[in-house]
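Structure first, commentary second.
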């Protein structure tokens, strides 16, 4: 296609909203003639399902729950007045709490103001807050923000070492809907120990975001934590960033959460349109459907040309893959749906994997994110007539053109600048696109049975570990290979898991297990140190 033809196609397919200062360009998705018209009946059905969801229909039948993350930025849309009031009052409480922390009315036990903020959560309880913090944070932050987002001891030690002596002025926010998420519980216990070792009272630094009546809620109440904010069962983790999960950390960091919500709210209004060409989320969903053949046949490579959007791909990995990656459709048919999402940032990726994107296996489509404003203030000319930002823009445009020249399709999303409003709009745009696409391919976007299966399997491993440690302690003079231990436990089918547990136990001194190394690793012998 000639450049002039591409320009006409660009004008024909471009969505631009002057109020949001947001554009969605699908001109480099090769929709065949009549594709949009052919998909229109399915889209109209998707719009109806989305409208019913927003009105309070049970959209997650597995758990008999409503799905209400859209109400978080438009409380008046909630189907019950009590829900509207709870959303409104929670936002007011978040803002009041953050203001009290910033003003020193809520302070560390020594009377000094809090300077640091440690967020403990995993999955949606970390990815959304991390994305918002990284994209909008800066030298003017009211609190320095840190995260425990895994159960990796070394990772937590690294964070604590960076906090250092500021621990005594660190506020801790523990985020878990059920209060029983093991990674988050472990992080809380590790943080508690760090505070106690420093001679500090953990509860005097702690805040919870959790479900009413949860184990965490009970702990916070019993120990008189500084505050408890709600997580509602009608908000899923991956769509919780505009709830207390994301708003409390952002407000404490000093981000304008009202503007974040305003951006999401404005985008929600645009994406409720049933006129497909005037609905940017629908255009995204159609692009995904065409590019992946509606069956996940291609991956989504996310290339934001902005360092502050580095974490956007991680955030979207969960939002898209956990929502769409399903074995069964809503009718119980085995479909193996999903879209794999990965990416880093431009122009770094041009010196990494773009070589394969242009000339290697064609199993992807690209989403470019363009931010027009380079920085606050004037830029240096790195050569006559060109700044570093000009180069970044040039590399984006060049990569887009080079890929399409080879038949590699792409979508480009453009915002004028990064701000709470534009970040809120991007969050809302993708939440709606995921919901519409799920309707198009007939999957439930609001449950995650595979995650639960993984949790159960992990629990079985920990139970088996307990049996192994007990066997070693009962027979301190006996050495076991992995195979011998599996037989001793009458679990011969679990020999590989037994071997991996023994190897891990011996590498750490916590359980008192030693190893005698043999020529073949699977013949290593393990015993209790007594």
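Every residue, even glycine, has its Cβ placed from backbone N, Cα and C.
Here is what Swiss-Prot records for this protein:
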type	residues	note
ACT_SITE	322	active site, proton donor
ACT_SITE	351	active site
ACT_SITE	455	active site
Problem - Spatial separation of residue 351 (active site) from residue 322 (active site, proton donor) - C-alpha basis, Å - result: 29
Fill in the blank from the handout: Its Cβ having more other Cβ atoms within 10 Å than any other among the active-site residues 351, 455, the winner is 455
Practice task
Express the distance between the Cα positions of residue 351 (active site) and residue 455 (active site) as a whole number of Å.
Solution key: 38
Handout entry: For residue 322 (active site, proton donor), the number of other Cβ atoms found within 10 Å of its own Cβ
Key = 22
Exercise for the section: With H, G and I counted as helix, E and B as strand and the rest as coil, say where DSSP puts residue 351 (active site). Expected result: helix
Practice task
With H, G and I counted as helix, E and B as strand and the rest as coil, say where DSSP puts residue 455 (active site).
Solution key: helix
